[in-house]
């Protein structure tokens, strides 16, 4: 195997919780990408205007950010975390099942807000729990976690595509004229940003003809095994109230040997013990309490802030690029035909998913700090070349694929790097998840308004500026890492800081 026996043994001991957290992130990905391509059919279902239905985007994104901030509240015990994941993953299946029954745009926005809250909780809790389980070995498992969100984001549009309307799904006298614009509008909505659609006029009244309900019911069924998997993990950990009185099963010979040997504090054998041993990882509001600031150095805050700012920029680039690359391609000077330009967002997300898959083995051999450096420099160089060859359609496709690869592993690598600096204490996971969510929402709105005022070329200029800022904040993070106080050798062996810096088997040290 391409990882050593120690990491492999640790993975085997935590196989069920690890697979469960990965599957829950698949739910997150499944829910994040379906809205763009299905929004026009949902507009018909709710008989609303384009400007009204695009508020559904905002309700989902805002509540996703809110859920990310609140997700840390449920981390205090393993039971709370698992029950929150169970409720969130079950809520996503229920949302998929309920969406076809929403015939009012306000009701649909409320349902999508619930989905956003569930997605935010999943985002924060899953990252936190994997960091708690694997600590200094968490990078490779975080890379795999974020591969599953990309896989889900690729799958849901493919499920929806056969059920999307080829013509306008509200039949009226103006249907023929409106239908000619439908492919252009649909591609403008993929995958995150509604774009500037106010100049399109589609009928709001008439006979509704859409089969998109079947897509949502299929996604609800596909997602249903995820809450079942979380429930089985709750049952295994004896946290289900009806079944928590059962006696403990006899240990196998290997498990008995594991229990009777002296315990390596860096490899506590159950998720419950690790949840008790790992420090920090509070929710955003607990992190801001003054008691957490006592005795903290300046660099403690600087590491949190600069790490969050790097993800603010890089996740913001993901949001703004996927949202506006189609609009940029169809405008002058490129003037790419609409059907061809529609492949750009899919290409971008496809290479993000491919990059996350490649990063799983790479993260074992390469330090997270090095991976983040490669990512931000690659983003910067790609935007520079996109500006230089701004009239080349071929390079736009090459640059889109390159940008997806470089952005793919930034979040899990930054999370592993920052947690490692802080010796798995503090609030790094919560602060970084929140910063990334704010960046994705804010930079989309900012770039949208700039493109509207300054033209499509400003799309690449904004990306270049954001890339420069991401590199600057990363350089500051490395600087503060150098200044951050090293753990004292007198630390108790059971402390998370001691576990984080203990020398391990050669290949995987940070």
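Glycine too: its Cβ is placed from the backbone N, Cα and C atoms.
Positions annotated as region 'Disordered' by TrEMBL: 489-510.
The annotation transmembrane segment is assigned in TrEMBL to 21-40 (among others). A Cβ distance under 8 Å defines the sequence-distant neighbours of the transmembrane segment (21-40), meaning residues of its chain 6+ beyond its ends; these are 53-54, 56-57, 60, 85, 88-89, 92, 95-96, 112, 115, 118-119, 122-123, 126, 129-130, 144-146, 148-157, 159-161, 164-165, 169, 182, 185-186, 189-192, 194, 202, 212, 215-216, 219, 222-223, 225-226, 229-230, 349.
If you look up TrEMBL, you'll see 52-74 (among others) marked as transmembrane segment.
Sequence-distant neighbours of the transmembrane segment (81-99) (same chain, 6+ residues past either end, Cβ-Cβ under 8 Å): 20-21, 24, 27, 30-31, 42, 71, 74-75, 108, 111-112, 114-115, 117-119, 121-122, 125-126, 128-129, 213, 216-217, 219-220, 223-224, 226-227, 230-231, 233-234, 237, 239, 275. Residues or ranges marked as transmembrane segment by TrEMBL: 81-99 (among others).
For the transmembrane segment (105-126), the residues of the chain that approach it from at least six positions outside its boundaries are 21, 24-25, 27-28, 31-32, 35, 42, 46, 48, 52-53, 55-56, 59-72, 74-75, 81, 84-85, 87-89, 91-92, 95, 98-99, 145, 429-430, 433, 437, judged by C-beta separation under 8 angstroms. Positions annotated as transmembrane segment by TrEMBL: 105-126 (among others).
Residues annotated as transmembrane segment in TrEMBL: 138-159 (among others).
Taken from TrEMBL, the feature transmembrane segment applies to 214-235 (among others).
Annotation source TrEMBL lists transmembrane segment at 298-318 (among others). Remote same-chain partners of the transmembrane segment (298-318), defined as residues 6 or more beyond its termini with a Cβ less than 8 Å from a stretch Cβ, comprise 352, 372, 375-376, 379, 403, 407, 410-411, 414, 417-418, 421-422, 426-428, 431-432, 434-440, 442-444, 463, 466-467, 469-470, 473-474, 476-477, 480-481, 483-485.
Marked as transmembrane segment by TrEMBL: 340-358 (among others).
Among residues of the same chain six or more beyond the transmembrane segment (370-389), those with a C-beta under 8 A of the stretch's C-beta atoms are 310, 314, 317, 359, 362-363, 395-396, 399, 402-403, 405-407, 409-410, 413-414, 417, 460-461, 463-464, 467-468, 470-471, 474. Residues or ranges marked as transmembrane segment by TrEMBL: 370-389 (among others).
The annotation transmembrane segment is assigned in TrEMBL to 395-417 (among others). Away from its own ends, the transmembrane segment (395-417) comes close to residues 127, 131, 138-139, 142-143, 145-146, 150, 307, 310-311, 314-315, 317-318, 321, 325, 329, 334, 336, 343-344, 347-356, 358-359, 362-363, 367-369, 371-372, 374-376, 378-379, 382-383, 385-386, 389, 428-429, 432, 436, 477, 510 of its chain (Cβ-Cβ under 8 Å, at least six residues beyond either end).
Long-range contacts of the transmembrane segment (429-451) within the same chain: residues 61-62, 64-65, 68-69, 71-72, 120, 123-124, 127-128, 131, 192-193, 195-196, 281-284, 287, 304-305, 307-309, 311-320, 323-324, 327-328, 411, 414-415, 418-419, 458-459, 462, 466, each at least 6 residues beyond the stretch ends and with a Cβ under 8 Å from a Cβ of the stretch. The transmembrane segment annotation in TrEMBL covers 429-451 (among others).
Per TrEMBL, the feature transmembrane segment maps to 457-480 (among others).
Distant neighbours of the transmembrane segment (138-159): 3, 7, 11, 18, 21-23, 25-34, 36-37, 126-127, 130-131, 190-191, 215, 218-219, 222, 346, 349-350, 352-353, 356-357, 359-364, 368, 408-409, 411-413, 415-416, 419, 510; these residues of the same chain sit at least 6 beyond its ends, with a Cβ under 8 Å from one of its Cβ atoms.
Under 8 Å from some Cβ of the transmembrane segment (457-480) lie the Cβ atoms of residues 299, 302-303, 306-307, 309-310, 313-314, 316-317, 320-321, 324-325, 327-328, 369, 372-373, 376-377, 379-380, 383-384, 386-387, 390, 417-418, 443, 446-447, 450-451, all in the same chain and six or more residues away from its ends.
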